[in-house]
Amino acid sequence: MSGVQGSGVGPAVDEHAEKIDAYASARNSQIAGALRAFARRRSALVGLAVLLLIIAFTVITPFLWKYSYSDITVDFSAAPGWRHPFGTDSIGHDLFAQTLRGIATSLKVATLVALLSTVVGTVVGAVAGYFGRAWDAVLMRVADLIMTIPVLAITLVLANVLGAKGSSWFLLSLVLSAVLWIPLSRLVRGTLLSLMKNDYIDAARMLGASDRRIIIRHLLPNAAGPIIVDATLMVGRAIIVAASMEYLGLGIQAPEVSLGLLIQRGQGAATTQPWLFGFPALFLVLIILSVNFVGDGLRDALDPRRTV
Amino acid sequence: MLTFILKRIVNGIAVVIAASVLVFALVSLAGDPLASMLSSPGASPQTVAQYRQTLHLDDPIMVRYLSWVGGILHGDLGKSYSGQSVNSMIFSGLGTTLKMVIPAAVFGLVGAVFLGVVGALKRNTAVDHLISALSYALYAIPVFVLAILLKGYIAVPLNNAFGATVLYTIGDSTPGVPPSLSDQVRHAILPVFALAVYSMGPWSRYQRAAMIEVMSSEYIKVARAKGLGRARVVIVHGLRNALIPIVTIAGADFAVIVGGAVVTETVFGWQGMGRVLVDALTGPVSPDVYVVQGWIMVVAIFVVAVNILVDLMYGVLDPRVRR
């Protein structure tokens, strides 16, 4: 203790400050521990690096590369080479530019879906878990209902109902979020229900904390681990569903480019001109794999049972 | 047990009724499926009006819903806009799809249990790491990408090597040829494999976790201490208990497999349920209202039935829930 003895208020303030310090350092060591656990998993680090590289590449290259995704060049069905690293299709589109554009579209959709469905899922799940009764019953019935219809079928119908408007990446994200928030809300509800059995919740309530304060200050921070992990895995899920929709001809439409569309167009020539199918498919798989590795690393890092 | 099953059935019926409301709201209230037809120069207003009448698009919304549900209760899903019976479209599609989905679910489950158990028993060895890597890879490959790869890089070289069609890549049987088992199997191998592998990745992870948990429990130690053989302990005491979670997950994932089948069918040109749905959503008059609604209802009823069956299987696997 560094406080001057006998100065009256000194010790008390110091004690308090020390507590705050202890709390802050516990918190810091928690975060540091989580980071260390994440860094220990090589697959998670590699996944993160690959993902960041792909994102940087997709953002920067369009400014530097000589062709845009919509340019029609004079090279038809060219194999990959110096002029066209990923080759061209039969009307002369540069596949390198198109693949990058497709990656950008997929990542935009996936990020927005992860964001929207996490926010909605967390709010609804928290309300259902905390207040229970009618809220809970309604949420659980809706979740049961959605589980009985293939996600892909619902999103296909929604995309069709939106018609031509459904081909924008923004509306496609809304369509996917409309379904994908539900499993997350179930997870949040379950986590909250188990957290609410803790004594510190009763203590907070007895000290007069409002429902809102208990949810926001006490419950959600403790539920953050599973929520973050699920939000990460949601990115992979959203990319797969979106690509499947595009492959089936609903969702993002030409002239816009997406990985699912490129794969659909390239599949007929999968053996004769493998680059048309291969590059978009490779990046699709690479992104999903990286995201899942990151999600898994986070699961380990944020696991409360983790031994530091 | 009986009250439990009755409860599940009542709950299932409630879910199906809710699904009918949702689907109807989604498809019937969403807009005018004939709008695109009205704007095309080929269709006269009279034709469109006639379609409108035969599809009952002019009736009040409650009347439309009740007559649709009434039809379902009488086993009639209505007609497509081209006048085809939705029943016959969906049931012929269903027959084709089940030829893919059921073997895929069975092989997927068997494969996942095998991989999961081996991974758990050889925990943290090279074999376990290899299986883990495999299941991650499988989980990251969308089913249509895998299907295209199988088609282009397994079937085509194989057929070229033999100079004959060993594995078919289009359709579920050869048209015009009397149906034979070998013909069907040669059509089904690749799609069933693609779809089975699609769920094997995540399922094998669950199986591994469940098996590790069971094998570290006290009763396994007791069984070993009693002097029972390792094989007997693993299979009778371990596996039987470790199967309970995977059966639940596989049952809950049934809708996911049907979703995967929609895509797989498209790659392999099967005229199944997937085709019916995609055609009804991308055709000239879309959505083809009663086809889409009927499709979702039939799938929902199917999934609910599978989930009830899974609950029944619980009773077989886990005597504790029989009471």
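Each residue, glycine too, has its Cβ placed from N, Cα and C.
Any TrEMBL annotation is an automated prediction that lacks curation.
Positions annotated as transmembrane segment by TrEMBL: B:12-31, B:100-121, B:133-154, B:188-206, B:242-263, B:294-317. Residues or ranges marked as domain 'ABC transmembrane type-1' by TrEMBL: B:94-314.
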Inset, instruction - Would you mind listing the long-range same-chain contacts of the transmembrane segment (B:133-154), meaning Cβ under 8 Å and 6+ residues beyond its ends? - result: 115, 167, 169, 190-191, 193-195, 197-198, 200-202, 204-205, 260, 263-264, 266-268
Legend entry - Leading stretch by Cβ pairs under 8 Å, where the reference is the transmembrane segment (B:188-206) and the options are B:12-31, B:100-121, B:242-263: B:100-121
Legend entry - For the transmembrane segment (B:12-31), sequence-distant contacts whose Cβ falls under 8 Å of one of its Cβ atoms, 6 or more beyond its ends: 61, 64-65, 68-69, 72, 287, 289, 292-293, 296-297, 300-301, 304-305, 307-308
Legend entry - Sequence-remote partners of the transmembrane segment (B:242-263) [C-beta within less than 8 Å, at least six residues beyond its ends]: 97, 100-101, 104-105, 108-109, 112-113, 116-117, 120, 142-144, 147, 195, 198-199, 203, 206-207, 210-211, 213-215, 272-274, 277-278, 299, 302-303, 306-307, 309-311, 313-314, 317-318
